[in-house]
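What follows is a single structure, written as structure tokens, with notes after it.
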Amino acid sequence: MLICHTIKEIRDFVRQARSRGLTVGFVPTMGYFHEGHLTLMRRAKEACDVVVVSIFVNPLQFGPREDYDRYPRDLDRDVSLAREVGVDAIFHPSVEEMYPPGFATHVDVEGLTECLCGLSRPGHFRGVATVVTKLFNIVRPDRAFFGQKDAQQALVIRRMVEDLNMDLEIVTVPTVREEDGLAMSSRNVYLSPEERRAATVLPRSLQAARRAYESGERDAGRLVELVRGMIAAEPRAVIDYVEIRSIPDLKPVSRLDGPALLALAVRFGSTRLIDNLVLGSPDGVL
Ligand code: PAF
């Protein structure tokens, strides 16, 4: 497995693969791999001849009071996990390589980014869209793989790819969960044992909403109240938002007549967790 630190190195690697007629799958990450990342890599391997994974904690998508400095990092462990999965190349650039002095161009996706996480994390999706555009331009993949846990991010990236005529396919992969249902996230390591136990209210509340939906409930307000009520009963949980919005344009909905996203963000101590449920889509995938 090749480890590239410069844009030139990874470009040369991809150019060679393409000249041999191979397809390129790409998994952009911020590292500190868990089973969710490894699942994305396995999906990429199934679908493409060559798999490139980027590891870059992107400063542009963190707010000034967010966890950029303490975001967990362990490159050696990530490299050996990626090797086990059969990844062909890792792209691990420095901040200076990605944002050299004078860097001045950003990508803004309007509308979709002005709700849910966009409200509590101003600038976050601008940072994501900018770095993902750069990574797509550097790697030039045929397909890129994103987890459904970050559903708003996946929808923003799909919109951007369509609007800017980027020539690749975006594949969304279902959320991978711990045995007790908590969605896997690199940020789960921040939770104290008590917070970790309390956080299981998130998947439990989403399951309750799914059951209510399957029993015929189509009133968005009542589904939201069900989830909010369960989470509010957990003293360690502080709700940022629980909302139901349409897929793919994330407009508010009052009745669920088509595919919809029940999305939530909840704080446990200083850790903010997100999770979601896709309703009204045949396979539950975005
Ligand atoms: O989902 C993530 O890990 C990041 O937002 C991404 C897509 C790698 C961009 O930095």
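Placed from the backbone N, Cα and C atoms, the Cβ positions cover glycine too.
According to TrEMBL, the ATP binding site annotation covers 30-37, 147-150, V176, 184-187. Its own atom aside, the Cβ of M30 (ATP binding site) has 18 Cβ atoms within 10 angstroms in the protein chains shown. In the three-state DSSP reading, M30 (ATP binding site) counts as coil.
Under the DSSP three-state reduction, H37 (active site, proton donor) is assigned to helix. As annotated by TrEMBL, active site, proton donor applies to H37.
Residues or ranges marked as (R)-pantoate binding site in TrEMBL: Q61, Q153. Neighbour density for Q61 ((R)-pantoate binding site): within 10 A of its CB lie 21 other CB atoms from the protein chains shown.
Positions annotated as beta-alanine binding site by TrEMBL: Q61.
Counting in whole angstrom, G36 (ATP binding site) lies 15 from Q153 ((R)-pantoate binding site) by their C-alpha atoms.
The Cα of S186 (ATP binding site) lies closest to that of H37, out of the recorded positions H37, Q61, Q153. Q148 (ATP binding site) falls within a helical segment according to DSSP. Counting neighbouring Cβ atoms within 10 Å of each of the binding-site residues (Q148, Q153, S186), the lowest count belongs to S186. Only M30 of the binding-site residues listed as M30, F33, V176 bring a Cβ under 6 Å of any atom of ligand 1; the order follows the sequence. The secondary structure of V176 (ATP binding site), as reduced to three states from DSSP, is coil rather than helix or strand.
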